[in-house]
């Protein structure tokens with residue numbers, strides 16, 4: 001528009017008004033096209049997000065300040081009472097600790113193992129596609145099936161793992177009795193399912209690393225391990241951050257594995273492996289039937305994820321500005337692309 | 001809430017697409033539902049379609065439903081089956097909460113849902129009908145009758161309990177194996193839980209096998225015999241669990257038997273429990289009529305299961321279902337008629353033959369088809385006859401208010417802490433249950 005104005009005023013009294021207006025209008029259309037079209041094209045995503053993400057988020061906030069039973073529907077406005085009830089509930093805190101503990105047992109080994117697998121797959125392998133697809137197979141298996149298989153493995157009395165332990169003379173592990181053991185068992189299911197997926201993401205990033213860097217390193221006499229830590233890891237830093245963030249969010253929302261870990265699916269008699277999302281489910285659809293309180297849990301969980309996301313973000317910023325200047329410049333490019 | 005109840009981890013974008021997809025499908029479905037509903041019309045004899053929603057297997061065959069259409073040419077019956085009770089329950093509660101849109105004309109419910117649904121009797125058509133008096137065993141009708149006398153469902157099947165036992169393991173431990181002698185061993189007609197546990201103590205002395213499968217399972221059989229276990233029937237208010245001597249008495253009796261190694265320490269329906277059938281983990285279990293199915297499925301290759309016509313402490317019922325007619329339905333009267341027809345002794349006898357659901361109708365229980373029914377897997381036990389006798393020994397339906405299952409679950413958790421995870425001793429675990437029950441609300 002700023003460009004148009006002087007053009008229009010330039011002919012001033014000379015040129016006929018009609019023609020210049022028509023020109024101006026079609027030009028304006030063109031401008032709008034250039035400026036607005038991209039937003040228009042991307043808008044379906046945001047409209048859908050508003051309907052399926054933003055609206056439920058807001059409505060959940062509305063529900064969370066009311067008494068609201070599953071069948072009875074909306075009750076009285078009670079302010080922050082639901083939040084107070086939830087925060088005073090010892091099981092809520094227990095579920096938070098469980099969630100964080102399962103998250104630590106799943107995300108950290110997951111990222112480390114995935115990056116190792118990716119590094120191995122990045123070598124010159126025969127029938128590379130076969131191996132690459134192979135690591136993705138667990139991802140294709142439905143979570144319910146994974147849980148069924150692992151249920152047999154981790155059964156206390158007649159489970160495969162305990163049988164093997166017994167044959168080699170070790171004591172059985174109380175997978176459903178010991179708190180840490182149950183977390184390890186659940187984290188194993190999560191890891192099994194997500195390791196291959198993350199490995200492929202790492203692999204894609206590794207293949208984008210310029211090969212001449214490695215050639216230069218070889219000439220300088222760097223070994224495989226040195227190459228991995230000095231070239232591969234810094235080069236795929238942006239991808240590592242992406243994987244860490246997605247697996248953090250996912251780790252805070254573990255549900256299926258817990259539901260199917262025993263017959264009741266509520267984290268055992270002591271709630272030893274009940275995650276916060278399962279606590280939320282139990283509040284709404286369990287005996288309490290309180291959608292109000294469940295919404296309060298949902299919001300608390302949302303805030304927790306935001307906080308952890310922010311921490312993630314800050315740590316990321318530190319990491320990306322910590323490297324040598326030349327490298328960080330190149331890295332920020334990669335970051336923009338992915 | 002959507003954002004945090006996501007069951008699995010995905011990236012934000014893909015979840016959005018998935019959610020959007022589900023939303024679209026849901027919208028399309030609701031649209032269909034609405035269209036079908038209005039098609040029915042409200043004319044007396046106009047053609048109508050009645051939808052019947054059940055779960056698992058109620059034994060209602062296509063031929064049976066076609067028979068109804070023959071008798072009522074204007075009615076087409078559509079049968080929708082959910083795979084599990086959980087699916088059916090969440091589907092039904094969600095739709096009830098949404099004002100009844102999309103519900104079937106006849107919705108099947110399980111007896112355990114009643115305490116919740118009874119709080120909202122207005123959501124259901126009153127099905128009381130003097131013509132049907134005496135069709136069911138009394139306590140079945142009582143279960144679905146609100147304090148104001150409104151009947152919200154017609155009974156289909158029931159789960160009268162007997163004792164299933166492994167004759168081969170009994171023999172090894174030197175106990176009688178014949179089902180009549182076993183019934184006598186457990187106390188015969190005046191069997192008590194004391195007799196049952198005493199026999200168990202005899203048994204475990206001579207055997208490495210446990211006496212029963214799960215403390216929680218046994219508890220639920222015992223607590224179901226208390227007329228008002230956790231709540232005061234007058235006011236509906238929960239009793240203080242800390243001063244509930246009846247329940248504490250049962251709890252002590254069971255935890256003492258766990259100490260004496262009578263329990264196999266398995267969680268019912270869990271992987272270990274299922275494997276336990278193959279590994280001779282336990283010799284007896286409480287056995288409602290429908291449990292014979294799962295026992296047979298889990299015990300492939302095991303011979304020796306039998307059923308004794310006895311149940312400690314009188315009779316006991318575990319499970320059973322009803323057919324309800326949601327008040328929001330357009331053809332409530334026609335639906336009620338169909339529900340009455342489906343729960344007729346003649347139909348329920350056929351359902352029993354097709355799916356093994358034990359009928360709640362007196363006439364059906366006395367019918368030749370039920371009385372002469374034997375189960376080859378249980379050493380040709382006359383299960384029809386046994387469960388009929390068991391059903392007649394049940395005195396009444398225990399009172400179960402809105403808080404029944406919440407409190408019962410706390411006690412069950414306490415038992416599981418002692419029985420399965422063995423993380424605390426009995427007294428400590430009870431104290432915890434009392435505290436948690438007090439915190440409910």
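Cβ coordinates are placed from backbone N, Cα and C, and glycine is handled just like the others.
Automated prediction, rather than curation, is the source of TrEMBL annotations.
Quantities reported herein were computed from a predicted structural model and do not represent experimental measurements.
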Listed range which TrEMBL flags as transmembrane segment, given the options A:15-38, A:39-62: A:39-62
Of A:235-255, A:256-276, the range TrEMBL labels transmembrane segment: A:235-255
A:64-86, A:133-155 - the range that TrEMBL marks as transmembrane segment: A:133-155
Same-chain residues at least 6 beyond the ends of the transmembrane segment (A:296-315) whose Cβ lies under 8 Å from its Cβ atoms: 57, 60-61, 64, 82-83, 85-87, 92, 96, 241, 244-245, 248-249, 252, 276-277, 279-280, 283
